Amino acid sequence: MPLPLVAIVGRPNVGKSTLVNRMAGVRSAIVHDEPGVTRDRLYQEVEWNGRRLRVVDTGGLVFGDDSEFLPHIRQQAMAAMAEAQAVIFVVDGREGLTPADVEVADWLRKQPLPVVVAVNKCESGQMGLAQAAAFWELGLGDPIPCSGIHGNGVAELLEAVLAHLPEVTAEAAGEPDPIAVSIVGRPNVGKSSLLNRLVGSERAIVSPISGTTRDAIDTVVTWEGQPYRLIDTAGIRKKNRVQYGIEFFSINRAFKAIQRSDAVLLVIDALEGVTEQDQRLAGRIEEEGRACVVVVNKWDAVENKDTHTINEFTREIRDRLYFIEWAPLLFVSALTGQRTHKIFEQVNTVVAAHRKRVPTAVVNEVLQDALAWQSPPTNRQGKQGRIYYGTQVADRPPTFVLFVNDPDLFKDNYRRFLEKHFRQNLDFTGTPIRFLWRGKSERLVGRAVRKLERSLTSR
């Protein structure tokens, strides 16, 4: 059963995102003392007293002004209302009732949804009651004083809104766990357009202005029965071009989005090719051990393509992103939809590899085959490397322990050969793999292996 949805609306800078973060118990939406910080619809799950719901945070509503992003923000708020079963109307208790609040209230009265008025920034209990009383004249029911910063009144607010929603417990909401997929890249490479193409609706504001998306935005979409949590992030810039403030928080949020992803779509601009920032971002994905698909966007805009063009682009990308050469490439157009239908297929492939577990017997068969192809190196003193045994100790990413006589005997070129051999024989497309080299004498290997296997079976 899908979770009921509550839309959070109000004029700019009344603390909607702070209140949403308090309800959800996380700091997801960017919170900053600047009007218009939240531009898109941001979804989060909330659990309260065994009940579950989703809330959608929207940008600040301003009527009668069509400058900058304001029409887009109104469009996003209306889309949120179309999905929702109830509304929390957030106002500022410190400022009191304003004409802008009255405009929003007039608009809400025309909507066929129950409305709960949350009077935010009421840090004092007794004073909060007096502050909330000023909003009775809106005619939208009992205003509830609360504080997104301190948390007081939030329980009462949740109880009030849950009274308007169908009861869905944590158990009743059971469904396959969504695969978390972050969409990252430099500004203006088409991340939000790609998200909208995958979702099939204008979920995030799409604009040619660099830096339109400020938050990491989560959208859940289901494809062939599998839910995916798509995370659209602010474009990554060089540090010396980032001013401290909103964009600083957005870039930090984008890196954190990579951390909480199962797979990452690294979006490259086909017209600009791989840049230094793309390389740094790819390095971050590898460091975090995340599965990855490299999505080359704007392929429709590449002129004079022939049968060799895609191979030439592939060679250039592989040369510049050599440290994630294991990541599959997709040449797509978010604008026309060209090949975007293959993205979910590729995500499934790389996530399966990222989560793969290989039996110990198979690991050692592959090791013996590798040794038959290329013997371990010998140092200048005539001492040759020996690999006694290997076993997988973790997934996400797949991680193997190799017991050897001396790890220093195995230089980078042999380690790369071994990784390539594992990839060819065990199909680790789209995921980094790790090797932990443990020096042991042959006499002690059996004891170490038994100890390791006992620790794995006790987990």
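Glycine residues also receive a Cβ, built from the backbone N, Cα and C atoms like all the rest.
Noted in Swiss-Prot for the protein shown:
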BINDING   10-17, 57-61, 120-123  GTP 1 binding site
BINDING   185-192, 232-236, 297-300  GTP 2 binding site
DOMAIN    4-169  domain 'EngA-type G 1'
DOMAIN    179-355  domain 'EngA-type G 2'
DOMAIN    356-441  domain 'KH-like'
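Its Cβ taken as reference, Lys191 (GTP 2 binding site) is surrounded by 28 other Cβ atoms within 10 Å in the chains shown. Cβ neighbours within 10 Å of Thr233 (GTP 2 binding site), excluding its own Cβ and spanning all shown chains: 27. Put simply, Thr233 (GTP 2 binding site) is 16 Å from Thr58 (GTP 1 binding site) when counted between their Cα atoms. Taking the C-alpha positions, the distance from Cys122 (GTP 1 binding site) to Gly185 (GTP 2 binding site) comes to 40 Å. Taking the C-alpha positions, the distance from Lys191 (GTP 2 binding site) to Asn13 (GTP 1 binding site) comes to 27 Å.
Between the listed binding-site residues, namely Gly10, Asn13, the fewest other CB atoms within 10 angstroms of a CB are found at Asn13.
Between the binding-site residues Leu61, Cys122, Cys122 has the most other Cβ atoms inside 10 Å of its own Cβ, all protein chains included.
With all protein chains in the displayed structure included, the most crowded Cβ environment within 10 Å among the binding-site residues Thr58, Asn188 is that of Thr58. Summarised by DSSP class, the composition of the domain 'KH-like' (356-441) is 32 helix, 22 strand, 32 coil. Here the domain 'EngA-type G 1' (4-169) returns a mean pLDDT of 83 for the predicted model.
Secondary structure from DSSP puts Lys191 (GTP 2 binding site) in a helix.
Here Trp299 (GTP 2 binding site) comes close to Ala270, Phe331, Val332, Ser333, Gln338, Arg339: these same-chain residues lie at least six apart in sequence, with C-beta atoms under 8 angstroms from its C-beta. Of all the binding-site residues in the record (Gly185, Asn188, Thr233), the one with the smallest CA separation from Leu61 (GTP 1 binding site) is Thr233.
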